[in-house]
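Enquirer: A single structure is presented below for examination.
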Amino acid sequence: MSSEEFKGLPIKRDISSTIYADRPPALSAPPCVGATGNDKIQVLPIPKKSRTIKTDKPRPFLCHICTRGFVRQEHLKRHQRAHTNEKPFLCVFCGRCFARRDLVLRHQHKLHSALVSKESINSKDKTEIDAINDKNIIQIQGNKQTILPTPSNPLAKTAVQLKKAAKEKKNGKQGKLDLSPSYGANNHSTDVSPSVGNSSTPAVIEETDSSSHFPLPDTNIPTKSKRHASFSASSAFTYSSDNFQKLHQQAKSDFDELQESIPHQVGFSTPQLTAQQLIENAIESGVVDLETLDLPPFLSLDGLPPASSSAAVAASEQIDICPSSATDTISGANSTPNQAATAPPFQLPIARESSSLFLANTPYLSDFLTMGSSYGGSGGFAKSITADPSLDYFNYKNHSHPDSRHNNSSSGINYSNNKNNNESIEKSQNNSNVINETIDHTDIHAHHADAHDDSFIESEEWLSKFIMDSQIDNDLKLNINHFNDIGFNNLHPQNPTTHSEPRNMHNENRDMHRSASKFQSVSENISPREQMSLFKTKQNKAISKFLSDEKIPSTASPSSSASPVQFDKKNVDINEFLLDESVSNLFTTRQIDLFKKNVNLYSPLFQNQKDAVSSTSLTPSLTTQTATTQSGPGWTDSSQKLTFFTEQLRNLIIKENNLKSNLFPTVDELNHYVDLYQVEFHKYFPFIHLYSIIPSSENYPLVISISMIGALYGFHSTHALLLSKIARTRVRMFLENTRSNHDKTPIWLMQSLVLLTFTSIFSNDMNAFRTVNTQIMILVQLIKISKLNYPLENFIKPPIESDHVLEYQDNPAVLNQFKAQYNTREQINRNFKYFILAQSRIRICHIVLLISNLFKSLVDFDCCFHSIDLKCGVPCYNEVLFFCENSRTWNENLTRFNIVLDSKFSLIEVSNGESNYEKCLMYLSNGNPYLYKNAKISFKTLLSLLISIHEKINIERDALKDSYESDFHAKNVQWRMHSRPLVATMLKHWELLYIKNGGILALSDENLPIINTNPSFRLIIPLYFFAKLRKCLDIAPTLRCIWNQDWNSMNSSLEKVCYERESLREATEYAVSVITFWIDTVSVMKGKSTQTPIFTITCIFVSILVIAGYMRRLEDFAQNKNSDCMIGSLKSTDRILWLKAFKTLKRIESHLSEREYKLQTFAEFLRVPDNGSLDIESLDSSLIENTLNSHDVTNQALDIITRTRLSSRTLYCGARILGDTPVWPVSLLFAHALQSRAIYNINHRKSVNSV
């Protein structure tokens, strides 16, 4: 066998030649563990795993007892103490002895945190820290005792003996108490019987576990104590008593004696070690590498880090994030003062400034090695076993924007630990109305957690910002004559040519130009005193400070917010931006057409349709519920009718908000809006369990918000504006009244804020858009403060007993009684409520993750809820479980899916979606198939993962923006070399998981019906192509200008985006796929294009801009080619892509031409004649295809590219697509942007006739 073949084989050590030959002569032999009477050294055998050399690194320092080699001499010295049992470091407070200095520091900061000086925490000098710590440590060379006398414990009593003495002193048996030390000079302990029972003990006992009663060894026979089998067998700290090392000093020490330390009724295949021995052996054997593990600082051999270090800051921010589900073993009735030392780390009364905060929520290293239970939670683990480096891909803290400095201020916020914790949680559940009745506190109780004084850090600031933004649109103006008109609320000004100054988010001090309109304000119809209750807020110091720092410009009527924007006249002809009502009329005509269809569909009892859509009559009452529902694999709608509004509730809303009855929708209209919400919106974003809502005087902002969304789908945007104002005002007042109690914010309030955020993001009102950043920020803060992003089992015990199979396996009758309890109506009802509550919490977090990161992707505002902050589960795989209207239907579906709830763990698993989102992120980063080898993931979870990829794009863009702010080319190179491959890898991992779970990416005639019946597909596919588009181009600056209605900046930004041709070509491929997906889906839906979700509409708008930019580059190239023969020929990829876009646009024009209403012409859209352009509808597709598919580019092909003007045609088709789905007001803003861009292209292009 050659030498090459020997590579990688384990090398066996010749023991006989290395025991003495390799021993350094300078090493003196310390006493051996196995010393006998004749002082002959007994060499212990080398463990089997230690015989193999695992590294080529030289290890010159050898142990003369076991021949182990070490790289450093201090490692050898530490190892030798394992043989000699030397404990030279003494704790001055209690006398406990330790083998290492850092173990003493850990012990003191854990058990004597109140006695340790705080100077070491505040000091930055390492030498000063060491000097302070040395004051509390006594070093005694050669000591082998476990405990020595100290001033506080002069007799060197162990904790068990002290407990025994305290108990007998209480019972009046002081005379019989032996006051001798624990161990005499002959190293034998005195005969003291163990203490039994749960009696109270004095507060002087600080160290031992009150539940662990260690009997002392007999005076003559060195026996070992036994631990009860009910104690945890996974923690190495409970394997033996304090005098474990005495075994090594017995002449007849062998394996049988070592087994005596093992608790009875628990068997182990190998002898158990103490925590110190376990940690040392693991490190020395190479099983654990402390450098690669993300361990807490207290396990470091170099001592604790200073308080100013990053490790100390990181540890202080992670206080109380560990679940407290393992704390139910400590009850208030049987608690003793000794439990301060025996409680889990997260229950210790730790001061925040103390160095012992490193121990809070930090699992023991021994638990890490033994799969211990320090983590707690469901199944023993509620957080990752290790800090997986894959999650670093989503670490946003290093690249955060300045406005995100408050996003994590509540990471250390905790629940209040008081005696009324159960009642407060029940009250929160009642307020949320997620469940119909209070969950019985005897079955579901809250687990206690620690409270800190700084629970609401800087909460006043973000709350005041939200209140301040609420005043922006205080003067709500409605046109009474057009209150019930169909269409957007800003299409009826009497002076449509009025224009407003463009306002940027960074130039908010610029005054708006007020339009001269004759709108009548709602505030004019009520008294000044009544106006205060709806539109004014109580001023405080924080609000006054904000108002003084930044003046809020007064707002005009809603018509001015969406009016055409006026620009500076420098180098720009202002007439090209004077957009008339041609685009607005397109939307109004389409809305009236759709409303007429809805009249025939929803209510045959409607009166004259002409009166319903006229500008002077009121909309008739709607009396019939929506009858059509759509069902599919991911969507199931119940037939139960939802009636949230009654006359009593409507009168209450009118009275509390000081409105007039004729300026508020009727009960039938409000309930009709709820139906529209359920049919059109809820199936795309199901984060509210509608059947659990019980409207009341407190939570009616939620049903108002629901009807607000439905009003948009009913084309009554004026109603939606009024309802949003009422809901926003009531939410703001609720937050003001509960300023000091935000940790108990009800779920219905967060759900209302989510719906309000939807309307603010996708509104064409500048004032509403300005409040989005604050609304998302307050949502994120409330989620973190109320710990909504953590699993529910951390705070509420599942209302189900365990199966007791092991306990009653020999008693089938009792076991059957337990199993029968799982199928009772009461138990099923409790399980259903717990499931709905858990899923509602999870879905709120996922929807906030969705809308906040999409908003960040569009306008580049850093106010998002980040993926790594989502510590809870995922939406359930079987969506129908969340749509069930009652517990009976829910239980039937559980049976249909073969889901059995026979323990709290099974209920927790179902409620958390059978996974957690951190595991999903790990798969997204490394693509490890083991994580999801056989698991099923819901499409809602896959949608959240896709949004996390968008978040990763945002993180990478922000990082490059900070590093290469002024160097565009360097930033582009770094993106292509580092960031883009990482994003592409994540997309590949996501694609594999999506396809494996039945997802569809390739469209065909066979799978189009499946896509249309599953709402998740209609969200996922456009966002998938949008992520690929963003991988190529950074379009966020352009979209930010559009939302600010700054058309000049928009055009300038688009010129920069379309600068690099290769990236633009690839992005255009994905943009064409988005448009093709839309035309494929709507062409088979028979005109039901109103079901196009708003996220898809946004992706369509961005795709239109990209396609138009690419077509303009080709048209400019074709013109330059005709005039300059030196320019290279047009590539075949460009010709294929142009032809693909041409066919898609022709399909769109053909589809939209079938509408029953007359649309504006192409010339009307451009506002100027486009001389020389060709009508694509009259062109022969086969002729164009033959011309462009020729081997050489002819002048005829270039002329076709130039004269078809697909750049302008694309913008025109985009405006017609937006007009075909006129639900959200932002569609009108998008259409104005497309018209502006089309006019800009015409005015900045050479005339075709001049070519």
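Keep in mind that glycine also has a Cβ here, set from the backbone N, Cα and C atoms.
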Enquirer: Ranges 37-56, 557-576, 617-636: which does Swiss-Prot label region 'Disordered'?
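Expert: Per Swiss-Prot, the stretch marked region 'Disordered' is 617-636.
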Enquirer: Out of SER193, SER527, report back the residue that Swiss-Prot marks as phosphoserine.
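Expert: So the answer, going by Swiss-Prot, is SER527.
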Enquirer: Just to confirm what the record says: which one of SER180, SER603 has phosphoserine annotated in Swiss-Prot?
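Expert: So the answer, going by Swiss-Prot, is SER603.
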Enquirer: Of 89-112, 761-784, 857-880, which span is tagged zinc finger by Swiss-Prot?
Expert: 89-112
Enquirer: Kindly report the helix/strand/coil residue split of the zinc finger (89-112) according to DSSP, in that order.
Expert: 11 helix, 6 strand, 7 coil
Enquirer: Restricting attention to the zinc finger (61-83), give the mean pLDDT.
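Expert: Mean pLDDT across the zinc finger (61-83) comes out at 83.
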Enquirer: By DSSP, what is the split of the zinc finger (61-83) into helix, strand and coil residues?
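Expert: Summed by class, the stretch gives 11 helix, 4 strand, 8 coil.
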